């Protein structure tokens, strides 16, 4: 939980050596880069709202982590500033980027303007509803989501109540959309029981954070104040407001038409960006880091393209994890992160946010899921898949 300004100033009475956290048993990226010298250099820096380095690193201090790639510092941004107080930039090794990937610094991350470039191996941009047979094998649902933040206000980890409530008037902006994006905003704290149940049934409603990573950073403060959900009338385009990032834009539908999901995502996100730009609140983006979001693991495109797919046999294969790694994909449970895969239905998505464009990241999901469904069919027929295991991307 972020400290008060008074407490942060009180800590300056002690030396950097006395205040430096014990990271001897930590195995996350924050602990890797935070040295006593760096801590001494930055500990007295603060944003205009009074947020300090100690506030930014608290999540990493409270959660030692189990992997060197466990990056989870949540820091608010000073108004108008593109810089997080995290210290040295990660190396290519830290980011686990392939040799052929573009260097992510700088990485231009514009909203994609050519969704038609997303293609499958046969030149078609969708991964195939033909895979969903009567036996229920194959794709169930796919979606794209991407976070966005405004430099006008700090992130939820260190944002004042008054600022978060008006920042930057997202309900009015979203409700002004028309055409296929015409919809309605539902504030969490003013939601009727009927509206709440409907959003639960639609799998739209996000819960109060329970993860120790988010709780340590103060992301659940004043819940559910200033949080809300907007969706279009067709329930295919959705925006979470102040869940973790200022906005999380989601395009989704059942079936396998990833091209249409991506088209709607690109068009809708562009419309939202234009509205915010006219209001004087453009999305935060820098050539050094791409889009600036609350968690550094989302720096770059901030995009996660996910497909719900049943992999009953492949998920039991001893090389399942290796296959995912080689395809640069990650798996989550049916209900998302830290949930079980009910009925062997996994949420498969891109593992990278840096080093690739949005089109390339979505294409990795399209091609990777296509290959894994083919593997699943082989295993279902009790045939080997050793010759299908891909090289590392």
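Even glycines carry a Cβ here, placed using N, Cα and C.
Remember, TrEMBL labels are computer predictions, not curated facts.
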Identify the region 'Disordered' range according to TrEMBL, selecting from 49-95, 96-142. 49-95
Tally every other Cβ atom lying within 10 Å of the Cβ atom of residue 335 (ATP binding site). 13
Validating a neighbour-count step here. Other CB atoms within 10 A of the CB of residue 308 (ATP binding site): how many? 19
On the 0 to 100 pLDDT scale, where does the domain 'Phosphagen kinase N-terminal' (11-97) sit on average? 72
